[in-house]
Amino acid sequence: MNIFDRKINFDALLKFSHITPSTQQHLKKVYASFALCMFVAAAGAYVHVVTRFIQAGLLSALGALALMICLMATPHSHETEQKRLGLLAGFAFLTGVGLGPALELCIAINPSILPTAFMGTAMIFTCFSLSALYARRRSYLFLGGILMSAMSLMFVSSLGNLFFGSIWLFQANLYMGLLVMCGFVLFDTQLIIEKAEHGDKDYIWHCIDLFLDFVTLFRKLMLILAFNEKDKKKEKK
């Protein structure tokens with residue numbers, strides 16, 4: 001039999017038999033909210049970079065933090081769903097605004113960095129998300145302690161670099177941060193599944209976990225590509 005004549009069963013590829021139907025419905029809501037966040041964040045970034053009506057700064061950062069705290073303080077229920085979705089959209093918008101300075105830096109160096117970084121982030125996020133969804137349940141939850149330890153190490157090294165001013169340490173933190181965020185995609189995806197299996201159906205808050213993973217991945221990859229492009233230009237000179 002010719003292997004090229006075989007039909008691919010896409011239903012089997014998208015079948016997650018180890019995840020209950022109610023949790024699968026929950027995940028659909030999570031990823032639908034995630035898609036909404038992506039569109040709203042893109043609008044926020046556009047407002048900063050193009051219209052300059054709202055600029056990234058201390059106020060936008062405090063606004064995003066305030067919206068997140070309000071979202072956390074508002075209990076998940078059918079009555080508060082619309083309000084919490086509005087808070088989520090506001091948080092995503094201000095997060096997009098906060099990406100503005102990094103976007104402007106990349107545009108100044110080479111505008112092609114932006115689509116490359118976005119496509120790269122989308123591919124990384126999709127691959128690691130699918131890996132977590134197809135893997136045996138709880139198989140990546142052990143990463144939690146390792147990832148938090150790595151985050152603590154990065155935080156300490158970043159504080160130390162304020163005094164040393166080492167570009168090498170800064171770049172090492174970027175690469176390490178990229179690796180750590182890949183781990184967080186695995187960890188957060190499986191943690192969302194476990195929470196849903198145990199009755200936690202707050203898809204709006206679960207969406208924030210994945211949204212922040214994606215944004216941080218995008219920021220890290222964008223800056224890595226920007227610094228690499230800058231180094232190439234220096235070598236040509």
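Backbone N, Cα and C atoms are what each Cβ position is placed from, and that goes for glycine too.
Membrane sidedness, as given by the topological domains in Swiss-Prot, differs between K28 and S166. Between the transmembrane segment (113-133) and the listed ranges 30-50, 53-73, 87-107, 140-160, 167-187, the one holding the most Cβ pairs under 8 Å is 167-187.
Within the same chain, the transmembrane segment (140-160) stays apart from the transmembrane segment (87-107): fewer than three Cβ pairs sit under 8 Å, each pair at least 6 residues apart.
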